[in-house]
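Structure, as structure tokens:
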Amino acid sequence: DIVLTQSPASLAVSLGQRATISCKASQSVDYDGDSYMNWYQQKPGQPPKLLIYAASNLESGIPARFSGSGSGTDFTLNIHPVEEEDAATYYCQQSNEDPLTFGAGTKLELK
């Protein structure tokens, strides 16, 4: 299975600042020119919400302050500027290979 290692496990960011979350895969999640890495946001009591798919594509309805980058084994989610509603746990997920796997999550809090 592909192991996804997220960092940091938690971070506290001031309103309007940038939050950066990293995800490293144990092997490449690229195939045929695409990177099969996705990012989700989850708030307590709610299902995960897809933010970014294929490393850098913004899901419909998601604000442009969310952006994703990376390829191969190294990926990043950026949130800028951070807003109050962004306090949540964020997960990376690879969809290149079964079984689909998730990172352990990064909890974003506001200072």
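A Cβ is built for glycine as well, from the same backbone N, Cα and C atoms used for every other residue.
According to Swiss-Prot, the protein has these features:
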REGION    1-23  region 'Framework-1'
DISULFID  CYS23-CYS92  disulfide bond
REGION    24-38  region 'Complementarity-determining-1'
REGION    39-53  region 'Framework-2'
REGION    54-60  region 'Complementarity-determining-2'
REGION    61-92  region 'Framework-3'
REGION    93-101  region 'Complementarity-determining-3'
REGION    102-111  region 'Framework-4'
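Residues of the same chain lying 6 or more positions beyond the ends of the region 'Framework-2' (39-53) and with a Cβ under 8 Å from any Cβ of it are 23, 59, 62, 66-68, 77, 86-93, 102, 105. Per-residue pLDDT, averaged along the region 'Framework-2' (39-53), amounts to 98 for this model. Nonlocal intrachain contacts for the region 'Complementarity-determining-2' (54-60), taken as residues 6+ away from its ends with a CB within less than 8 angstroms of a stretch CB, comprise 34-38, 66-71, 75. Cβ neighbour count for CYS23 (disulfide bond): 27 (other Cβ atoms within 10 Å of its Cβ, all protein chains included). Taking Cβ pairs closer than 8 Å, the region 'Complementarity-determining-3' (93-101) reaches residues 1-4, 25, 28-31, 36-40 in its own chain, all 6 or more past its ends. The region 'Framework-3' (61-92) shares more Cβ pairs under 8 Å with 1-23 than with any other stretch in the list 1-23, 24-38, 102-111. Only residues 6 or more beyond the boundaries of the region 'Framework-4' (102-111), in the same chain, are considered here, and those with a CB under 8 A from a CB of the stretch are 4-15, 19, 21, 23, 40, 42, 79, 82, 84, 86-93. Cβ neighbours within 10 Å of CYS92 (disulfide bond), excluding its own Cβ and spanning all shown chains: 30.
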